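According to Swiss-Prot, the feature N-acetylalanine maps to ALA2. Here Swiss-Prot flags 2-130 as domain 'ADF-H'. Taken from Swiss-Prot, the feature phosphoserine applies to SER23, SER141, supported by a large-scale study or a structure entry. The region 'Flexible and important for F-actin binding' annotation in Swiss-Prot covers 66-75. Summarising the annotation, Swiss-Prot assigns N6-acetyllysine to LYS102.
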Amino acid sequence: MATKIDKEACRAAYNLVRDDGSSVIWVTFKYDGATIVPGDQGADYQHFIQQCTDDVRLFAFVRFTTGDAMSKRSKFALITWIGEDVSGLQRAKTGTDKTLVKEVVQNFAKEFVISDRKELEEDFIRSELKKAGGANYDAQSE
């Protein structure tokens, strides 16, 4: 059966993360049978990492605040998590299903495909987002 996405519900969750006035900084999109639907959401990145278990595949849209004291900016990441115990067929479908997620999640600085929990570490993601941002005008850098 072909995978579908609940666009309205996923778009509402996506917009919640994009809203600077919202405390929600991440949302997951998970499979409910053959339909991608919004999953959990929260204000603590560590709680997001707990969703990424070895038997799960999911997509996540995450907001990070970057910059220095003079200039704070929101940067967004699209993360595809594929757990170690996910079957080969499901792994393959995840790549094609991501196109459905990208119909909703259209604005992000960097995309990640991760199956190793070490790569989910907040410092690693922040570092990659900083590299994707181009020139570094941080006053503390030399």
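Positions of Cβ are set from backbone N, Cα and C atoms, glycine also.
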Average pLDDT across the domain 'ADF-H' (2-130)?
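In the predicted model, the domain 'ADF-H' (2-130) has a mean pLDDT of 95.
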Would you kindly give the Cα-Cα distance separating SER23 (phosphoserine) and ALA2 (N-acetylalanine), rounded to the nearest Å?
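Here the two Cα atoms lie 34 Å apart.
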Where does LYS102 (N6-acetyllysine) sit by DSSP, helix, strand or coil?
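The three-state answer is helix.
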Just to confirm: which same-chain residues, 6+ apart in sequence, have a Cβ under 8 Å from the Cβ of SER23 (phosphoserine)?
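Result: ALA43.
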Far apart in sequence but close in space: which same-chain residues, 6 or more away, have a Cβ under 8 Å from the residue listed as 'N6-acetyllysine'?
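In sequence order, the residues whose Cβ lies under 8 Å from that of the residue listed as 'N6-acetyllysine' (at least 6 apart) are LEU78.
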For a three-state summary based on DSSP, what are the helix, strand and coil counts in the domain 'ADF-H' (2-130)?
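Summed by class, the stretch gives 49 helix, 46 strand, 34 coil.
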